[in-house]
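Undergrad: What Swiss-Prot shows for this protein is this:
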{"type": "BINDING", "residues": "Lys11, Phe59, Arg87, Thr93, Arg104, Asn114", "note": "ATP binding site"}
{"type": "ACT_SITE", "residues": "His117", "note": "active site, pros-phosphohistidine intermediate"}
Amino acid sequence: MAIERTFSMIKPDATKRNLTGAITKMLEDAGLRVVASKRVWMSRREAEGFYAVHKDRPFFGELVEGMTSGPTVVQVLEGEGAILKNREIMGATNPANADEGTIRKVHALSIGENSVHGSDAPETAAQEIKYWFSDTEVVG
């Protein structure tokens, strides 16, 4: 499997509970390396832009409200098969369906407050990384 990069986000429901370190440790323990990281407080415009793919979905307003309710940690992760590995360690979107030991099973509060986001494909990883980071901020 090839070394690749993916985008990862620790959402406000997790940062408010001081889980940034615990979640990052789970990612690193899974063999992923953080090559860029910053803490941001998303504006409404940033949240709407980042989640534009969901703009016509019924949960969009609630999603934007949640993402602008507190600080978020955005990261670029690197490793073998990083996209799939990150998705596996995050667990199912609904924490009730997540496997034991995954981030969402351990830390998520609900399907809406599920603690993390991760890219689902190489194309979205590239777009999401570019949305939050300049080339000089990603240091492998």
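Sequential numbering from 1, following the chain as shown.
Cβ coordinates are placed from backbone N, Cα and C, and glycine is handled just like the others.
Since the structure is predicted, the reported quantities are computational estimates derived from the model, not experimental observations.
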Undergrad: To the nearest Å, how far is the Cα of Arg104 (ATP binding site) from the Cα of His117 (active site, pros-phosphohistidine intermediate)?
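TA: Roughly 10 Å, rounded to the nearest whole number.
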Undergrad: What kind of secondary structure is His117 (active site, pros-phosphohistidine intermediate) part of, going by DSSP in three states?
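TA: DSSP call for His117 (active site, pros-phosphohistidine intermediate): strand.
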Undergrad: Long-range neighbours only, meaning 6 or more apart in sequence with Cβ under 8 Å: which ones does Thr93 (ATP binding site) have?
TA: Arg104, Ile111, Asn114
Undergrad: Among the recorded positions Lys11, Arg87, Arg104, His117, which residue has its Cβ surrounded by the fewest other Cβ atoms within 10 Å?
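TA: Least crowded of the recorded positions Lys11, Arg87, Arg104, His117, by Cβ count within 10 Å, is Arg87.
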Undergrad: In sequence order, which same-chain residues at least six apart have a C-beta under 8 angstroms from Phe59 (ATP binding site)?
TA: Gly112
